[in-house]
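Feature annotations, courtesy of TrEMBL:
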BINDING   I17, G18, A19, G20, K21, M22  NADP(+) binding site
BINDING   N65  NADPH binding site
DOMAIN    13-107  domain 'Pyrroline-5-carboxylate reductase catalytic N-terminal'
DOMAIN    170-279  domain 'Pyrroline-5-carboxylate reductase dimerisation'
Amino acid sequence: MANVCPIPTDSYKVGFIGAGKMAESIARGVVKSGILPASRIRTAHSGSARRTAFESIGVTVFDNNTQVVEDSDVIIFSVKPQVVKNVVSQLKPILSEKQLLVSVAAGVKLKDLQEWAGQGRFIRVMPNTPSAVGEAATVITLGEKATTEDGELISQLFGAIGKVWKADEKLFDAVTGLRHVPSLIGSGPAYVFLAIEALADGGVAAGLPRELALGLASQTVLGAASMVSRMGKHPGQLKDDVASPGGTTIAGIHELEKSGFRGILMNAVVAAAKRSKELSQN
């Protein structure tokens with residue numbers, strides 16, 4: 001690693017290859033947190049709507065990806081998994097090991113990314129859709145030539161949109177099933193969206209106005225997630241704390257258990273992980 005040129009932490013520029021919603025969420029989070037000024041972020045897009053979205057943050061929007069690469073120290077490939085090979089391969093002639101490469105493309109392995117780029121200074125990152133509200137669950141793994149300092153820099157960047165964990169790449173398929181699926185739809189969040197919708201529907205069935213039911217359901221899920229994240233208690237203990245003997249909560253839990261609620265969620269995670277593995281092998 002001694003021959004790897006350090007990224008200048010006080011002046012580095014970040015370039016997004018792909019100007020979609022995920023890239024926008026990351027850029028907004030980074031700027032809002034103060035980690036990086038908008039003047040040091042760039043991307044490229046020809047569509048007026050996406051250009052406007054980034055320009056409204058203060059990000060420099062070029063006409064093509066070549067310009068982004070030539071003016072960036074950290075390059076984040078934020079494109080769909082099915083096109084990432086072509087995108088990286090096309091830019092390979094102008095990529096340098098002085099640059100740190102990052103991919104947020106789901107299901108695309110480091111060994112392939114490194115082969116397409118012709119270099120190993122790559123970091124694979126898996127954020128999910130709550131990045132849009134600063135509550136992403138992000139997992140990163142370092143390529144063969146990425147340094148510890150590179151990992152810290154990327155952890156800091158993605159820490160602007162949520163929490164970051166490091167993990168071995170072999171765990172990524174399981175991680176995918178739990179909190180993320182290809183196309184950035186996010187399986188974990190998607191399951192929770194369904195749960196919120198179902199809770200709201202239940203509230204409406206019990207007589208609540210739709211708007212009130214949805215507001216209460218979404219805030220309840222947010223509060224419960226915050227308790228698990230911040231209190232350090234096992235979710236089973238938190239559940240027991242609010243399930244009074246003979247009360248309303250245990251009655252509702254009884255209905256969930258009769259319907260196989262836990263097993264259904266577990267099966268969904270396993271199915272998504274299996275599909276992620278299948279996609280990564282194609």
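Every residue number used here counts from 1 along the chain in the order it is shown.
Heads up, the Cβ atoms here are built off N, Cα and C, so glycines get one too.
When the domain 'Pyrroline-5-carboxylate reductase catalytic N-terminal' (13-107) is classified with DSSP, helix, strand and coil residues number 44 helix, 19 strand, 32 coil. Within the model, the domain 'Pyrroline-5-carboxylate reductase catalytic N-terminal' (13-107) shows a mean pLDDT value of 95, rounded to a whole number. Looking at G18 (NADP(+) binding site) and the residue listed as 'NADPH binding site', their Cα atoms lie 8 Å from each other. Burial estimate for the binding-site residues (G18, G20): highest at G18, by number of other CB atoms within 10 Å. Residue density at N65 (NADPH binding site): 23 other Cβ atoms are found within 10 A of its Cβ, drawing on all protein chains shown. Between the CA atoms of G20 (NADP(+) binding site) and N65 (NADPH binding site) there is a gap of 14 Å. The number of other Cβ atoms within 10 Å of the Cβ belonging to M22 (NADP(+) binding site), over all protein chains shown, comes to 23. It is 10 Å from the Cα atom of N65 (NADPH binding site) to that of A19 (NADP(+) binding site). Across the domain 'Pyrroline-5-carboxylate reductase dimerisation' (170-279), DSSP assigns 92 helix, 0 strand, 18 coil. Residues I17, G18, A19, G20, K21, M22 make up the record's NADP(+) site, and a Cβ search at 8 Å around their centroid adds F16, A23, E24, T43, S78, V79 from the same chain. Close to A19 (NADP(+) binding site) in the fold, though at least 6 residues off in sequence, lie T43, A44, H45, R50, R51, A53, F54, V61, S78, each with a CB less than 8 Å from its CB.
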